[in-house]
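Let me begin by presenting the structure, written as structure tokens, before commenting on it.
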Amino acid sequence: MALAPSKVSTFSGFSPKPSVGGAQKNPTCSVSLSFLNEKLGSRNLRVCASTVPLTGVIFEPFEEVKKSELAVPTAPQVSLARQNYADECESAINEQINVEYNASYVYHSLFAYFDRDNVALKGFAKFFKESSEEEREHAEKLMKYQNTRGGRVVLHAIKNVPSEFEHVEKGDALYAMELALSLEKLVNEKLLNVHSVADRNNDPQMADFIESEFLSEQVESIKKISEYVAQLRRVGKGHGVWHFDQRLLD
């Protein structure tokens, strides 16, 4: 269908064509256009708009907020912000807080070991101190999220960790890094469990929080420490450990 430029009329105003008998019917036709069809000849196109008002109410906020699940609590110990936050999700977040704090505690013990004067691997000490701080930040981030959703933070006990990390066959550097790799995989497993709890309780906000704030970073940490383990296995327990330690200081 081709438009014929010479046949197209200009807008003729907004006066609709009256119906038979002079009474205007709905819909109102306000614009008339002409176009040329090669087979059918000249045709008119009329643009119409209905004048029938909308009578149905789409949204009544003052009625909707009367639902019981939207009622604002009055008890002093009840969260005002909590909505669609299952008890299982709240418990899972508290458990993950404990996991992160325990991981931080292990890394802090490793930092103290490598910082000793008779071990003196400052690069390893720096790496494990930063790892400890990172896990603690993760715990604090989870605590903040718990409060955001209207849950209550419950801190569980932190287990005692060893203070000696010497290993006869592997040496302390490789042994400590393999321990760190196992720990990162364990934390990742726990995070995936928290994500499954969110899915099971149909909580997309919590699932998105775990995905965006933790999971990607966790697999990157696993990859990095895996490379450290592979490199330490190559250098052995001797002079190569010192060179690797210097690299961690950079």
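Quick reminder: no glycine exception, Cβ is built from N, Cα and C everywhere.
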With Swiss-Prot as the source, identify the stretch among 50-82, 182-214, 215-247 annotated region 'Extension peptide (EP)'.
50-82
Given Swiss-Prot annotates Glu184, Gln218 as Fe cation 2-binding, which of Glu95, Glu130, Glu133, Glu135 belongs to that site as well?
Glu135
If Swiss-Prot says Glu135, His138 bind Fe cation 1, which of Glu100, Glu169, Glu178 does it name for the same site?
Glu100
Below 8 Å Cβ to Cβ and six or more residues apart, same chain only. Which residues does that give for Glu184 (Fe cation 2 binding site)?
Gln218, Ser221, Ile222, Ile225
Taking the Cβ of Gln218 (Fe cation 2 binding site) as the centre, how many other Cβ atoms fall within a 10 Å radius?
19
